Amino acid sequence: MSDEEHHFESKADAGASKTYPQQAGTIRKNGHIVIKNRPCKVVEVSTSKTGKHGHAKCHFVGIDIFTGKKLEDIVPSSHNCDVPHVNRTDYQLIDISEDGFVSLLTESGGTKDDLKLPSDESLLSQIKDGFGEGKDLIVSVMSAMGEEQICGLKDIGPK
């Protein structure tokens, strides 16, 4: 054998999927599910038994976690459904730009500048008012399936 070392360059990502499979019959209310390629929070689950040779079916009603739209799906309970990996991360708000983007402080000390202000009016006004008053604000960012959005706010007092 030769003493040369072989170097391989990989340009692919780690292959971590945005979703994972879960049997439809095991998904419960307040869990998450992908309906029509959108990550949803399950608000209602009903299971119906069918005829002698049919499968039991699960009827899911979900609310899109980013748009708030109601989506429905019916899946045989023995089949697999896609479940999104949903993460919630807290960042400290540093600045709000003129074009509606926010500057957030990450845990590592860097900044995250690629998020827009939320479209939810009450959350938007709370963030703008609190920032205008000079308060220290912590925003919760929900991420799933390659999308991110500010979904919550904590006031940790004046600066």
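Each residue, glycine too, has its Cβ placed from N, Cα and C.
Marked as compositional bias 'Basic and acidic residues' by TrEMBL: 1-12. Residues or ranges marked as region 'Disordered' by TrEMBL: 1-28. Residues or ranges marked as domain 'Translation initiation factor 5A C-terminal' by TrEMBL: 85-154.
Residue counts for the domain 'Translation initiation factor 5A C-terminal' (85-154) under DSSP, split into helix (H, G, I), strand (E, B) and coil, are 12 helix, 39 strand, 19 coil. If you take every residue in the domain 'Translation initiation factor 5A C-terminal' (85-154) and average the pLDDT, you get 88.
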